[in-house]
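In what follows, a structure is listed as structure tokens, so that the remarks can point back to it.
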């Protein structure tokens, strides 16, 4: 980054004054602009109130005389303001020169201001009789005062906001107005057909024409209800009541649409403003993160911003007597700032510059001093922090005072940067990164209570979804009947799907398996005894093989088909009956 400095702060030029005046009048920001424009609005409002009072007989004399002097003051004030606005517009390039001023004067609000000023001057010069206005002049003054109310909103923000809301919701507004207009003309026509021959109590026909019916329809569907025209027959009243409910509902919809549109527009502006505050914080975070990454890069371009270009007037060794260290440091700092075009006491945006004390070749390495002084670090927030001067030496301080001080030499090349310089720069960059990260996190926080509530509701909804999913899996694991099972199946298996019932079935199956294993063991023993040719229950010969304990006589029921091993379906389907475990 290359910083360009000026010798001193420039004086206020003509264009600068024009710019400040133009921003004050045309782009009001701040409490001073608010006070000024609000005072102008109050003056115009008071003048309008006096013009209203001039129509009341009790206050004619007081209001007319006061209104005369107020009009003179307002004409002079608005005329002067118009000239100042025309002059200050020259700060912008498109309004420079005569043609630029004419372009500024062709703006609608400028035309209205000019008309008000000229018309007020004409009324004051022609329509006044002494210190009061004529009756015809007062009528013109009232109209001009109404036009002055447009002066309050010179930027047209109100009209732009209304236009944007109408444009966004144009489809809904067109639909409601179209349907409401159809309801109006149909209701008016049917009421006219029913009431065209009806006579009221005074003997007059209220709905003598279709125009009278349309007037009644407009007054009815807009919920004004003057009561000047009322249906007389029951047929007309029935038609009017039916169509009124339908038409009034559609004529009331545009108000709700515009209200919701304004609310959404305000919320959108707040979100955009909150997002705009995040952009500088994000850019600063990206910049500091990149600088931290670049600090690990050995390329010279990373460190060039900390190197000061050499000056011609700078000499390493001065033949003059060396001043004391404190005086020398102050003069050196003033000289370096002056060389860079920075006046004393002026805060500018710079990068840290590093200076060091040159080491003489004759001096031994054991006796050297490194002075990292005058490294003024100025952050982007224009806060100047001057580092202290560290002196490292293993000699006595008195010897240094006797020997004098070596003038500090700014680092003019990347190769002169030492390891402690690079380490310091890395630490500073790391600190700047953490500060930028904290600011970005603060900028990301919700700006409104509604956003906090919305985030809480969204988090609560996600939590409930996860809880329901966990409950579903738990029900599936413990055997709870699903939602798609019919009511009859639920009532049939109400007690068999609990954990206790399932454990009981498992225990029953284990007992059945134990009995089957006992039967299988008996069958194997019987088969083994028959294989050796002995009577059932006799011992086999001891010529080898396993010794089998004798058992009782052969049970013929063991070989029945019913004693076969149970199938998978028999093990899974529970038996119902008192002898299930036998």
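Each residue, glycine too, has its Cβ placed from N, Cα and C.
Swiss-Prot has this to say about the protein:
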type     : residues : note
COILED   : 496-532  : coiled coil
INTRAMEM : 211-231  : intramembrane segment
REGION   : 281-293  : region 'Interaction with CALM'
REGION   : 426-440  : region 'Interaction with CALM'
REGION   : 446-483  : region 'Interaction with KCNE1 C-terminus'
TRANSMEM : 32-53    : transmembrane segment
TRANSMEM : 65-87    : transmembrane segment
TRANSMEM : 104-129  : transmembrane segment
TRANSMEM : 138-153  : transmembrane segment
TRANSMEM : 172-194  : transmembrane segment
TRANSMEM : 234-259  : transmembrane segment
For the region 'Interaction with KCNE1 C-terminus' (446-483), what is the mean per-residue pLDDT, to the nearest integer?
78
Top stretch by Cβ pairs under 8 Å to the transmembrane segment (32-53) (candidates 65-87, 104-129, 172-194, 234-259) is 65-87
For the region 'Interaction with CALM' (281-293), how many residues does DSSP put in helix, in strand and in coil?
13 helix, 0 strand, 0 coil
What is the three-state DSSP composition of the region 'Interaction with CALM' (426-440), stated as helix, strand and coil residue counts?
15 helix, 0 strand, 0 coil
The answer for the region 'Interaction with CALM' (426-440), taking Cβ pairs under 8 Å and residues 6+ beyond its ends, is 278, 281-282, 284-285, 287-289, 291-292, 295-296, 352, 377, 379
